2 protein chains.
Amino acid sequence: MNDALKATLAPTLKSWIQSANDPASDFPIQNLPFGIFSDAVNAQPRAGVAIGDWIADLAVLEDARLIDARGTFHASRLNDFIALGRETWRGVRIALSALLAHGNATLRDDEALRRRALVPRSDATMHLPVEIPGYTDFYSSKEHATNVGSMFRDPKNALLPNWSELPVGYNGRASSVVVSGTPVRRPNGQIKLPNEERPIFSACRKLDIELEAGFIIGRGNALGEPIACEDAEAHIFGMVLLNDWSARDIQQWEYVPLGPFNSKGFATTISPWIVTLDALEPFRTATPAQDPQPLAYLRHEGDHAFDIELEVTLRPEGAHTPTTISRTNFKLMYWSMAQQLAHHTVGGCNTRVGDLMGSGTISGPTPDSCGSLLESTWNGQRPVKLEEGGERAFLQDGDEITLRGWCQGEGYRVGFGECAGQILPARG
Amino acid sequence: MNDALKATLAPTLKSWIQSANDPASDFPIQNLPFGIFSDAVNAQPRAGVAIGDWIADLAVLEDARLIDARGTFHASRLNDFIALGRETWRGVRIALSALLAHGNATLRDDEALRRRALVPRSDATMHLPVEIPGYTDFYSSKEHATNVGSMFRDPKNALLPNWSELPVGYNGRASSVVVSGTPVRRPNGQIKLPNEERPIFSACRKLDIELEAGFIIGRGNALGEPIACEDAEAHIFGMVLLNDWSARDIQQWEYVPLGPFNSKGFATTISPWIVTLDALEPFRTATPAQDPQPLAYLRHEGDHAFDIELEVTLRPEGAHTPTTISRTNFKLMYWSMAQQLAHHTVGGCNTRVGDLMGSGTISGPTPDSCGSLLESTWNGQRPVKLEEGGERAFLQDGDEITLRGWCQGEGYRVGFGECAGQILPARG
């Protein structure tokens, strides 16, 4: 990381956009996450960067020759920009940081340009930031795997033998990944009730969330050419929050022997802003100790976890006060993103720009740090109390779930914004 | 199906291209499968239709205004053409059938055009016919599921309870789907040997095939809007052969609880020609009896299986004579393609044009009708004998596997061509 890039991360850096200097803003000048947005003035989805309460329109800034990404900011997905490579991402970051920094007059004092280049976030519609060629979901929280194994298999052998040797993962359904704010329809499907001989066709009765973080591939690998663990982070563009909505009753019946399918394929929500790995650099921290020591292809030196605080709230339809149902941290994950990517490709599997990789449900050791209702309510047996009365074992129609995540710096935070979705009733 | 379309299926129909009238050709005038090819004269991949020993260059024919697909035949994948819809596919089929039919002079006697529009198949390089947004693999052969369940779980309860209630499926890795002829590198990965406490990192020692058929989505569905079983076939563009290469030792260690991942993600080979569902219509046949009767959303009237004869050969490097290691038929599949698609979408999951859905390994009741070496050799215990001496428990480096499939008509056959791949040694 060169000096110019390091300078964009300085905690003391301020912007001439005042809302970006609010310590509670997710989008200070140290963040500069990329997304795709449109607004009433210009309905064409295009690339933007969140800064305080505003979005910097990158297409406008590129047309004004203040940044350079070979015209890719006019596209309705970030893939072409991302494909330009890390030097380009970093060049844009450095240029934007300078342009938005306190004391820089170029954009600040050019009123005509500034009016076109800055769009209020509250006026914008966010779109899926990337076309996702492949979606992979891992299962890398030891607490989550232990909880699920205890509930559905054997509490004495909750963790299967392969779990501590490799980052277990599986292919998810990329077509149904949606951006935050998209309503989520409760799925219908086959459910096997305990006292019935045959399954019934029913709306899901155990609709759940999975609090996850996702990373977006910034540089793919060719078929047959694995990514080494030490090189893996250079292949990552950035991270998002991810809610892997899960129909537990459908899942329990369908998942043997080939894994979850319809229980997950109806929707997966991601947050609209991709926080770059560069912006997360100051929040790098130690990976949890791994015992046994992983096989050589899964080893890396140094710190490969990231200190990202996470929170889930549930707001019933019509309620004013959301209930916080989970607080945890991404740094608890047993397997790092680098290890996940090295494992994914070790047999030769290729990845592509825009591929989404989910961490798996992020759970801490206590019920209030679990990343799913399945765990925090122990399969519905211990419902969580809601702020305005009532309780939840699993999600009800109208419930709105919001994931939030942020890295806490000194006097600022690098945040992800929201990853939200409201439950619609099942099709009749 | 209207009269013009029916006429393209008449067994008596002949072409002025003599090689198309050979009863052993996979590509008679009744077939007209779509693919993407390039050749030495024109290195640009473009759409073509196989006819006897030739490929009709659809881009050239469209430029000559003999067929109409709004310019999509110049694209290097068929997705844009397919997205035009079934009426367009059928219109092109009817026009091509007329153009190539015995007695039609339009193309036959226009020597300059004919020379540009017909390319010898032996001179062409075939490409992946579609961009594949999603790849799903089912598990719909009762014999296969029973064999695998007997070997790895419990012979007395080989078939899991959900198997006869729903077409079990899972998401595969779309990025590593390759076209026939692409070499397949033996994967490295984690293997757990029976007498070792921990897994080792090794080249796969149990590399296997899976004989499957795949179908290609021709019309997608929106998120939240299931495809009814009765409507499902209208969403299918056509079929290919599919070899779902499998690393059995990697699979056995990794697959619990979320399903196969690295053991399948290194390569999946499909045949280059998509045989349309229209061309397969005369070979429609009864679906096997289903007991118990499926839930309502999985019911359809009439015949929904297809009589496709299948064959697998293995040719060791340097051998002249390939060994036939399997002969079976697609009509044996318990779950129909329509049922698979209805189930896939019943919870709201969306599909997209070009999505690939694999049938799962197609196995008959005897060892010589099994679709995998795992089954025919019973996990390597009963190796198959090779024509030129030697035997195989699993694949060796240099082995070439070829799948073939065809529907036998009276005096002609509607074939799929070859789905082939040769094994390269693992990376050192």
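Positions of Cβ are set from backbone N, Cα and C atoms, glycine also.
Whatever TrEMBL says is automated annotation, not expert-curated.
Taking a C-beta cut-off of under 8 angstroms and a sequence separation of 6 or more, A:HIS144 (active site, proton acceptor) has the following same-chain neighbours: A:GLY360, A:THR361, A:ILE362, A:SER363, A:CYS370, A:GLY371, A:SER372, A:GLU375. Feature annotation from TrEMBL assigns active site, proton acceptor to A:HIS144.
Annotated Ca(2+) binding site per TrEMBL: A:ASP137, A:GLU210, A:GLU212, A:ASP244, in sequence order. A:GLU210 (Ca(2+) binding site) falls within neither a helix nor a strand when secondary structure is assigned with DSSP, and so counts as coil. With a cut-off of 8 Å between CB atoms and residues at least 6 apart in sequence, the same chain places A:LEU242, A:ASN243, A:ASP244, A:TRP245, A:SER246, A:GLY360, A:THR361, A:GLY371, A:SER372 near A:GLU210 (Ca(2+) binding site), listed in sequence order.
The substrate binding site annotation in TrEMBL covers A:TYR139, A:ARG153, A:GLN251, A:TYR255, A:THR361. With a cut-off of 8 Å between CB atoms and residues at least 6 apart in sequence, the same chain places A:PHE261, A:SER263 near A:TYR255 (substrate binding site), listed in sequence order.
The Mg(2+) binding site feature in TrEMBL is assigned to A:ASP244, A:LYS264, A:THR268.
For A:30-129, the entry in TrEMBL reads domain 'Fumarylacetoacetase N-terminal'.
Mean model confidence of the domain 'Fumarylacetoacetase-like C-terminal' (A:135-419) amounts to 97 (pLDDT, 0 to 100 scale). The domain 'Fumarylacetoacetase-like C-terminal' annotation in TrEMBL covers A:135-419.
With A:GLN251 (substrate binding site) as the anchor, the candidate binding-site residues are A:ASP137, A:GLU212, A:LYS264, A:THR268, and the one with the nearest CA is A:LYS264. Here the binding-site residues are A:GLN251, A:TYR255, A:THR268, and the ones sitting under 8 angstroms from chain B, going by CB atoms, are A:TYR255. Under 8 Å, Cβ to Cβ, and six or more positions away along its own chain, A:THR268 (Mg(2+) binding site) finds A:TYR135, A:GLY172, A:ARG173, A:SER176, A:VAL177, A:VAL178, A:LEU242, A:ASN243, A:ASP244, A:TRP245, A:GLY358. Ranking the binding-site residues A:ARG153, A:LYS264 by other CB atoms within 10 A of the CB puts A:ARG153 at the bottom. Spatially close to A:TYR139 (substrate binding site) yet at least six residues away along the chain are A:ALA145, A:TRP163, A:PRO167, A:VAL168, A:GLY169, A:TYR170, A:GLY360, A:THR361, judged by Cβ distances under 8 angstroms.
Close to A:GLU212 (Ca(2+) binding site) in the fold, though at least 6 residues off in sequence, lie A:ASP137, A:LEU241, A:LEU242, A:ASN243, A:ASP244, A:GLY358, A:SER359, A:GLY360, A:THR361, A:ILE362, A:GLY371, each with a CB less than 8 Å from its CB. Calculated from their C-alpha atoms, the gap between A:ARG153 (substrate binding site) and A:LYS264 (Mg(2+) binding site) amounts to 20 Å.
Mapped onto three states, the DSSP output places A:HIS144 (active site, proton acceptor) in helix.
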